[in-house]
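Trainee: What TrEMBL lists as coiled coil is 78-108, 259-286. Residues or ranges marked as domain 'Cdc37 N-terminal' by TrEMBL: 1-124. The domain 'Cdc37 Hsp90 binding' feature in TrEMBL is assigned to 122-280. The domain 'Cdc37 C-terminal' annotation in TrEMBL covers 284-347.
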Amino acid sequence: MVDYSKWKNIEISDDEDDTHPNVDTPSLFKWRHEARVEKMKEMEQEKTLFLKEKNENAAKLKEIRSKYEVGMKEGLDMTDLKKQLNELELKKIELEDHEEQMKKKAKLMPWNVDTISQPGFSKTVVNVAQPKQAEELSEEEKEIKTREFFKKHEKNLKAYGMLQKYDDSKRFLQENPELVCEETANYLVIWCINLEMEEKTSLMEHVAHQCICMQFILELSKHLNRDPRSCVSSFFSRIQIADVEYRKGFEDELKAFKDRIHRRAKEKIEAAIAEAEEEEKKKRLGPGGLDPVEVFESLPDVLKDCFEKQNIELLQQAISTLPEEEARYHMKRCVDSGLWVPDGNLAAK
């Protein structure tokens, strides 16, 4: 269906007929028209000045960054340049935010006879079903979505996780913007845990660094209320010229993350061992549902010695020395656990 709602806010002029009989209607329409045109000119001037400021900031940022990199290689004191870089980076973020506001403002501006006839007006807008937002998905749908993402992008996810230089990571994410999302961070967390469980700690710590970079990008996007993909350049610029406090925050988060990975991997290994032992125990249960290992450990030493030597005569003699009730108790447990098979051979431990 065609979306007709946009026609509701069209400003009209020459065809308006709701004026008072005593009002000079042609003059009124003219004034309205001139006011709209003036408003459009102001917006255009604002856009021109903004683009000039944005380009000047970008050029200055490029110049200072180049000087900073050269100075770092030569071992010079870069304190002043570093301060300038931080200020230019913050200015860049402010300009990008302002640009978003200008776009929203332009979209909200009502159409009128001056804009309605501009090229592109005849374009038809068709309503299409919008994809569900992440918060609207059920847990099952989220799990399916995550698995599909992992399967589709696994090659690039691993490639990003193995990168070492900030510039390479920045370029890779800009070339593959679909990776700048929560699913990528989740994949890297799982990969880190698996690497630590395989005792590949050095590789785990490398992937952990890439994971925290992604987490910082996502946090920056939330802080600025912007699409994460638009924060890639800002994050890598900031981390490369970061002041002591910002760098310390990053390193502290990375250390805490690696500590959590160590603990989680240890927990999963312990859980896997416990599960394997439980499975092994189930397999060796005797006909009465008892574990032969546990039953053997509970036997008096005199009976243990008989089973270890697998000597039936010695076992019969040992049983005769025990009180009848105690002997019956232990032999029943031996039968239920499979340690002793009536009318059969003595089971080996």
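The backbone N, Cα and C atoms fix where each Cβ goes, and this holds for glycine too.
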Trainee: Excluding the flanking five residues on each side, which residues at least 6 beyond the ends of the coiled coil (259-286) place their CB within less than 8 Å of a CB in that stretch?
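Mentor: Same-chain residues near the coiled coil (259-286) but 6 or more away: 189, 192-193, 196-197, 204, 208, 292-293, 295, 335-339.
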Trainee: According to DSSP, how is the domain 'Cdc37 C-terminal' (284-347) divided among helix, strand and coil residues?
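Mentor: DSSP composition of the domain 'Cdc37 C-terminal' (284-347): 41 helix, 2 strand, 21 coil.
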